[in-house]
Every structure is written in C-alpha cells, then in structure tokens.
Amino acid sequence: MPSNKSVSDAPITQFVSCRILKDHRLQWEDLWVREGKILNPEKLFFDEEGFADHKVDCGNKIIAPGFIDVQINGGYGIDFSQASGDIRRGVAQVAKKILEHGVTSFCPTLVTSPPDIYHKVQSVHLSLPFIIELPNILVLVMLLSFSPQVIPELRVQDGGPEGAGILGIHLEGPFISEQKRGAHPPKFLRTFKAGGVADLMETYGHLDNVALVTLAPELANSAAAIRELSGRGIVVSLGHSMADLSQAEEAVQNGAIFITHLFNAMLPFHHRDPGIVGLLTSDRIPPGRMVYYGMIADGIHTHPAALRIAHRAHPAGLVLVTDAVTAMGLPPGQHSLGQQQIDIQGLHAYVAGTTTLSGSIATMDMCVRHFREVSGCTVEAALEAASLHPAQLLGVSNRKGTLEFGTDADFIVLDDTLTVRETYIAGQQVWRK
Amino acid sequence: MKLIILDDYEQVSEWTAKYIRNRIKKFNPGPDRFFTLGLPTGSTPLGCYKKLIEYHKKGEISFQYVKTFNMDEYVGLPRDHPESYHSFMWNNFFKHIDIRAENAHILDGNASSLEKECQDFEAKIKAAGGIELFVGGIGPDGHIAFNEPGSSLVSRTRVKTLAMDTILANARFFDGDLSKVPTMALTVGVGTVMDAREVMILITGSHKAFALYKALEEGVNHMWTVSAFQQHPQAVFVCDEDATQELRVKTVKYFKGIMDVHNKMVLD
C-alpha cells in the first residue's frame, strides 16, 4: 500500500477533476478517502509519505456531502406508519431507493398513530415492575407485543450499498393540535396528562433510536416533555400547532430547536402576532442556540415568495425536508398514509376527498434544485440546506453533512444542473445514474 | 551571471518555469538519477509554481524523479499551521504534481534537536549528489533564505533568529499580531546554496530594487548576502522592470541587449 503504514495500509482513493463543497464554497480540490472517511492528503503526504492507490476522474463535476432527510414518511408504496408486516424491510426498501436522490442519511418519520404502532415499531425493553405500574389495557398491549417473532424495530444504523443510513426516528405526533392536524388522524391525537416522562413512555414505549419529536407546545404540560426530550438529546420540533410566538419562544427556552415544515400546519404569520414563524427573527432565543426550520421546497407546500422570505430572514437555519409520503416514486392514484387514504394528482398529494395537502412527493434533489431556482441562492447554500444544516440540527455535523477531514465519506457527485449522478456511502459507490 | 530582465511579474514567472522545465528535461532524470531542485517560498515564486503546475498538467513535465529541498522553515510553528512552509509547499505545489513525499525535503522546525535536523538536512543533500539547481528569492534587505544581514557567506544549514524587519513583514500572515509571528527559523546557509551547480534568483517589484543593486553592482558583502552569488560560476537572476530601477542604465541595456541569447534557454 502506498504509505509507510504508520497509520493504516488500507487503500486510498483520490477523486480528481472535481469541485468540492468545503468551507461553504465550491473549490477545485481533490477529495481523498480511506476506510470510509474523508482523508487529509497533507497529513498523508508528510506523516505517512503516502499517495493514492487509485484515482477517480469526476469530469469536473460537483462533489457535495450526501443529503440528509429528517422528515420522510415513506415512499415507493411503503408507509413507515403502517407497521403491518415487516417494517424493517419496508424502511430498507425506501432507504435503497432514496440513494438515487442523493440522500445518504434519513430519519424515518411516523405520523400520529395508535400506541401499538409505536410499540410495535420500536423494540420494547420494559422491566417487570414498570409493567405492573401501568393500566391493565396497556399491559395487555405490551404483552401482545411480546410475540414469538422478532419485534420489528427501527434502529440507528450506518448506510451502505443496501441503502441510506438511519440517523434516528422522527415521531411527528401524536402530541399535536387538533385544529392543525393536517393529514393526521384525529382519534389518535393525545395531550399531556401529567407531562414529562410518563406520557411519553406510555405513548412511545421507549425513546432509544428517536432523533426528533414534533409536538405542539401550547398543549398543557408540554414544557416538562420538551425538557425531558431535549435533555435526552432528542430534537424537539414545533409543528402542527396553534401556538403564538410567546408560547413558541417558551418552548425554545425549554429546549426546542426545530420547526416542522414552516408555514404548514401552524398559524399564518401575522404582523402583530408572528406565531411560530416569528421564531426566525425572535430576539428571545437563548444565546449560543439556533432555531432551525424545515421547508418543503416542492413548489406546492410553500409559495416561492414565502420560501424567499424565510430564507432571507434566517438563511442559516433553513433545512430542506421532503416530508415525502408513500406515493413518492409511484404513479398517480389512491394510496394509504398512516391511518388514512391519500390521493395523488400530478405533483399534489391530498387527503382523499379534501383539498388538504398530505405531504409531498418531491424527491430531495428536486427540492434542492427548486430551492436554488426560486430563491436565487448560491449552489453552495442550496446544497448545505440539505446536508450541513440537517446535520447541525441533529448534532452530527462532526461526522455527517460535511466534507471535513475525518468525517464519514458520504457524498454525492452532481452535475451543474444539480442532478445527482453518483452516490457514495463510506467511500463506496452505492448508486450511479 | 546572467541577468534576465522581463516586463512584469507574469513574464518572470513564465520564463523561470520554462527554464526549470527545460533544465529537468535536458537532464532526463530517471530512477537512478534524480534531478535535485532547491525551492523557495513566499509571494515571488508563486507565479512560477502555478506555471510549473500548468506544464505538468499538460504533460510537459513530471516530478517523479525530482528531489526537492526547500530553503527554510519556521521554528516552533505546527506543521499544519496555514503559514508554515510545509503548508505553503503542499498547497501551492506538491498537491498538484506527481512528486512522492519521500523525495520532498523540508526542514522540520519542530524537531527535538534543531541542530541535528540541520546537519541531517545537509547530509541528505550530499547523499542526493548535491543540488543541480537552487531557486531562490531575495529579501528587501538582500537576504537569501533566512540568511539575514551579517550572516556568514560560507554558512551552512542552521537556526537563525529573524530580523525585526522580517518579523514585521511577516506579521500580515499572522493576523497582524506580532506575538504570533515565529522569531526563529531553520535555513540553508549561503554556503549551502553556493554549493549548488546552478543558482537562480527571482526578484520582482520596486521594493526589491535597492537590494538587487546592492547584490549586483556593489561588492560581495555579508550585509547583502545575495551578493555572494557574484562568485558562483552559474548564477541566473530573473527580474522585472520595476526591480531594475536602482541599477545603472548601462547594466540594464547590456543585459536587455542579449535577451535573444538567453531566450534560447526557454524554448518550448
């Protein structure tokens, strides 16, 4: 191996003739990869007297960190919230397909569902004394979950040739507002009876492998739940809510740092009460903290002018999400989402029989292109909104969402139209056009 | 001495790069006979490096059988500091060409024994068969490498304390904070460069004009260490118009008059 083996004798790949997104700029630099991580070529040269085993010519294309989708409900006929059958296989199918959109990591999202769905989807590790404390009906549900087969679970896991990596589950609901439930089924909404751990555990079962929780902060006793979740390193996101700005600010002070699909399922911006939207320019954000906000940039969920207003008000916090539903990737027609039916017409997905939008079917790369086009932002900003910002939101930017030395080599090769041509995870090509 | 006078910085960079390219090609290096090249850092040679990279990318030159020896490096500055000469050489030259790390020698300013590091460097040059061509620049005070005024003209590689002029000039690379600027450096000696079979000095800009005058038209003097090369059998000085401003008209006219002869050395 071309190194003095002082550090490693694993093969080294050098990607040449490319522009890489580094330090917020596209730069004509080579990208070096070894053992699934981005390698520092200067250290390799001086410390190890090493050089590349093989070079890959990128034909002057762009290399960007792989996209990270923190809100995706399913796709290609798979609905993550319908835990019928093998949930893991369904998630794996979607994980494989989204590689084509440049997504290398994602957070499978569960919409408001009955408790048994949550408990079925997450592995249950309850000790006997805890079971005895709970009401009998729940004991029954939990006992039913202890079926002889392996309990399906969605674990945090690395991506690879099989599909994009899972950074954690996004639980969107059920602690949301009835008036702003959107496509969520009303009968499974919940409120915080006592607030804090008890309600969360009763509903979700347990919180391992959960990366985000969307809730409505105006619900009574939400503060304790928000503090509990953020204390565990789970991103608390405000969404599907009737909260006014001061309720939203209080939630941020208790630890909330994200807004679920800004503008959608919340009170509209009003100049005397900006509502949750006002968080973008709030002066009551704790110092050192930042509020991020998800945007569905499919051209349907948000008017381009609104997208521009948000972007210009707070560019660093913009996180592109797909909020993709089961029908993403499928032809037009009727499909199921959560406990409801949806109807696909062109690029629109409605709750069947209504004009309520039910999530989008745009892919992440489409969102990146659309965002760039309508906001007039730089290529770098568009790419970072789908990679760096979600990584920062999830607190994983030390290994994902960037091309810094030592981070995971999850990246994509794009042409100048921002069309994804190749996807790499841990330095291995996992998809090419 | 050959004095090459060109119109501007770009022409100086191109002429020098072509000269180096042609010298290496004529030498025809191979696995058993490397071309040994002494190299400088700083803003003066940047353009030359860019041109060499361009010729390399066009396939006109390979550095596979070239051994390089840099002139100097700061003491105590971390190797990966953006202002270290290791960083300079990596970013401006090495990463763009096909040189192997084991053939690129730069003094280690963080060695546990600086004296031994300097001696080892001299030994490496000797083991490589001496330097074919040493390229350098000139300071406004006439220094070559970090051989500040008063340096012995027969000096070898050693530790030098930097002159205040140099520290002030470098402050701009360290956020203007004098306390952050290194005060010592390892440098090849005047004697080390004199040992090279050929020496090539680049001088551009009017702020170097007085130093060039002192180096060429006055005597050999340890206060203007570049003047030592008046006694080198193969010295080439490449400069732009601005740098000639303190020279005699007669000197400039003479050397401009024989440019045709000199330009034969840089044909494509």
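Note that the numbers count up from 1, one per residue, in the order the chain is shown.
Cβ from N, Cα, C; glycine included.
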Out of A:HIS206, A:HIS240, A:HIS303, which is the one TrEMBL records at the Zn(2+) site of A:GLU172, A:HIS261?
A:HIS240
Which residues, same chain and not among A:GLU172, A:HIS240, A:HIS261, have a CB within 8 angstroms of the centroid of the CB atoms at the recorded Zn(2+) site?
A:GLN71, A:GLY173, A:ILE176, A:GLY182, A:HIS184, A:THR214, A:SER237, A:GLY239, A:THR260, A:ASN264, A:ALA265, A:ASP323
Could you tell me which of these binding-site residues, A:ASN264, A:SER358, has the fewest other Cβ atoms within 10 Å of its Cβ?
A:ASN264
Taking the Cα atoms as reference points, how far is A:ASN264 (substrate binding site) from A:GLU172 (Zn(2+) binding site) in Å?
14
Identify, among the binding-site residues A:HIS240, A:HIS261, A:ARG272, A:HIS301, the residue whose Cβ has the fewest other Cβ atoms within 10 Å in this structure.
A:ARG272
Among the binding-site residues listed as A:HIS240, A:HIS261, A:ALA265, within 10 angstroms of A:ASP323 (active site, proton donor/acceptor) by C-alpha we get A:HIS261
Between A:GLY359 (substrate binding site) and A:HIS240 (Zn(2+) binding site), how far is it from one CA atom to the other, in Å?
13
How big is the substrate site in terms of the longest C-alpha to C-alpha distance among A:ALA183, A:ASN264, A:ALA265, A:ARG272, A:HIS301, A:LEU357, A:SER358, A:GLY359, in angstrom?
29
